[in-house]
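The active site, charge relay system feature in TrEMBL is assigned to ASP184, HIS226, SER402. Marked as compositional bias 'Basic and acidic residues' by TrEMBL: 117-133. Marked as domain 'P/Homo B' by TrEMBL: 478-623. According to TrEMBL, the region 'Disordered' annotation covers 94-138. The feature signal peptide is assigned by TrEMBL to 1-20.
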Amino acid sequence: MFSAVVLVLGCLLQRKLVTTEGHRGTNHHVFYAVHMEGGIRAARALAEQHGLEFIQRVGSLEGLYTLRDSRGRSDRDTFEGRLATAAGVHWVQRQHSHYRDKRAPVPGLDHSTTDSSQRREFATDRQPEENKSDQSLTFNDPLWPMQWELFAQGEYNSSGFDLNVMPVWSKNITGNGVVVCIIDDGVDHTNKDLKKNFEALASFDLQALHGVSHDPMPVRNEENSHGTRCAGEVAMEANNSYCGVGIAFNARIGGIRLLDGSVTDAMEATALTFNMQFIDIYVCSWGPRDDGAEMDGPHSLTKQALQLGTHKGRVGKGSIFVWAAGNGGMHHDHCGADGYVNSIYNIAIGAVTQTGNPTYFGEPCPGVMAVTLTGAGTGGSLPLVTVTTTGDGCVTYFAGTSSAAPIAAGILALALEVNPELTWRDVQHLITKTAKIPNPRERGWNINAAGYHVHHRYGFGLLDAGLMVQQAAHFRTVAPQRKCIQELTLHPTRILSPGGGVSVNIISEACHGSANKINTLEHVQVRVSISAVCRGDLSISLESPGGTVSLLLDTRPNDASTAGLKNWTLMTVHCWGEQVRGLWTLKVTDHKGTVRSCMRPAEEKAAGALLSVTLILYGTYHPRRSTHEGPLRSIVSMGSHHPVPHRGVYHRDGYPPLDLIQWVYQMERDRKVRSADITILPRHKDIHKEGKMILN
């Protein structure tokens with residue numbers, strides 16, 4: 001044990017962490033990301049030769065280092081030119097601070113729900129009573145009875161909705177052996193409910209004042225309690241007569257202090273690949289401002305980090321990145337404007353109320369994969385999720401998609417305990433096959449051409465811990481991912497008339513005849529460049545050959561930008577499982593007048609132009625699958641395919657009839673997984689967790 005600690009410290013002392021002052025005071029310091037050959041020794045020598053300070057390697061990214069310049073230089077451009085042409089240097093990138101927002105609800109607003117959720121609840125919404133055998137677990141934690149989202153009981157059982165975690169715990173599946181890292185404003189690991197499960201080797205302070213630190217302790221105030229609350233949802237200790245119970249209450253929990261100060265691309269990349277052979281799940285409850293105006297996402301180094309993590313993390317099985325989908329609903333924001341949600345490597349999680357209705361703060365888009373329970377609606381008597389907070393605190397009011405993402409991470413930790421061999425794509429496939437319809441009467445449910453139920457607010461539906469663990473235990477790894485890219489040449493560019501629209505048809509052969517041929521879809525991305533006199537007036541939709549329509553970007557009344565979209569990547573998961581070949585239709589529409597502050601003249605001749613389109617298809621190839629989509633004969637639910645009921649073959653013409661959605665909902669409700677339904681196969685220990693070596 002002592003030798004392992006010495007080894008870890010020896011590796012860490014080779015690095016010096018950037019100071020909080022340095023990242024916050026970008027007027028005083030300039031930071032560079034340098035891609036070069038020769039390793040750390042060469043990077044240190046380069047820094048010394050040019051009067052710079054070597055800071056650290058950029059996470060696990062090969063050959064990338066952060067250097068700091070504390071000198072005021074009048075010849076900055078000339079200096080950067082010399083640095084970029086130094087021996088062994090491939091490129092140099094000056095780092096700029098950007099704002100990242102914690103995704104907690106806006107203070108002062110009541111916890112109301114969307115307009116469509118104000119309808120009278122119907123009798124079938126109430127869930128069946130729990131099987132008595134699944135009620136055997138009791139906890140002495142004083143706030144456990146209030147944790148309705150985990151186990152609806154007693155006075156907090158108003159709807160019967162919960163995440164069905166009790167059957168999993170009854171099988172002694174509690175997150176043991178799984179490491180979860182909260183990338184946020186820090187984690188107060190001295191809290192009584194977090195001490196036992198805190199993991200220093202999954203922790204780091206990127207805002208440290210005095211160099212290297214594995215202590216992610218936040219500044220102890222309300223503003224910086226966000227990460228501690230996220231950590232509590234995942235791994236609060238059980239049966240310690242304090243606060244509540246975490247979903248994966250025997251998982252190891254760490255924290256990376258990133259958000260308490262200015263953030264750069266290199267810092268994000270460092271956090272997302274920190275100790276990636278040891279950490280299983282990274283939780284990110286933050287992103288660009290959810291103000292309905294900003295449009296941003298991961299920058300170049302962070303994009304590399306996400307790709308590296310999913311391809312190389314967890315000894316090749318891939319790091320699991322769980323992301324909050326956004327809280328801009330009150331600002332009419334749309335998560336198609338969030339590049340983190342549009343990444344295929346991230347699992348975007350939204351939130352619903354105790355009745356299964358969308359929350360007032362949630363953002364819709366086809367990149368959302370699933371939702372979890374986080375809070376009551378208007379007039380509700382339920383607490384808004386019980387969690388730890390800074391200074392040995394414990395609160396019962398943590399809502400927002402900030403709360404939803406850690407809940408999802410806790411459920412995924414339970415699945416990884418029973419099957420640590422799950423890859424990052426296996427986990428996403430599990431979500432698509434096991435998420436449930438929480439409210440069949442919420443408008444917008446669709447069943448795609450492969451039989452998956454999807455919704456722009458719910459994704460594939462509400463996570464169910466019991467069902468996910470049951471399916472994870474016997475899950476077979478999916479076929480290798482393939483990527484098919486189809487660029488469309490637009491000569492001339494398509495002019496968008498005011499209040500009008502342009503459509504582009506793309507005939508896809510799904511890379512037929514090449515090694516990248518695909519016949520079963522997973523993610524679909526569209527990269528577009530569009531000029532616009534008022535960006536918020538635009539909407540962008542994509543229709544698949546199977547007839548599934550994804551609203552990739554909706555109008556945003558607060559977005560008066562004239563910048564348009566430049567190589568912006570949009571993403572949908574709504575075509576999951578569908579056939580690829582055929583006609584894809586991209587439509588860009590100008591809804592003139594949506595953004596009042598744009599004050600567009602009545603006589604304008606053009607609203608913008610569609611400049612370029614690239615269709616990026618991800619999926620697998622199955623030799624026996626038909627090359628064309630036929631009529632829908634089965635629905636994907638509860639981990640398997642179910643024949644379409646009595647009316648026979650279902651022909652899709654727009655949104656499916658309510659009775660079909662209701663039938664799926666009824667089946668998912670009535671076949672709730674119990675502890676007796678979960679069988680666990682014996683597995684070998686995850687060897688890479690034993691060494692606990694930091695590889696950054």
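Glycine is no exception: its Cβ is also placed from the backbone N, Cα and C atoms.
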To the nearest whole angstrom, what is the C-alpha distance linking SER402 (active site, charge relay system) and ASP184 (active site, charge relay system)?
10
Sequence-distant neighbours of HIS226 (active site, charge relay system) in its chain (C-beta under 8 A, six or more apart):
LYS102, ALA104, ASP184, ASP185, LEU259, SER285, SER402
Give the helix, strand or coil assignment DSSP yields for SER402 (active site, charge relay system).
helix
Any idea what the model's mean pLDDT is for the domain 'P/Homo B' (478-623)?
97
With DSSP, how much of the domain 'P/Homo B' (478-623) is helix, how much strand and how much coil, in residues?
6 helix, 72 strand, 68 coil
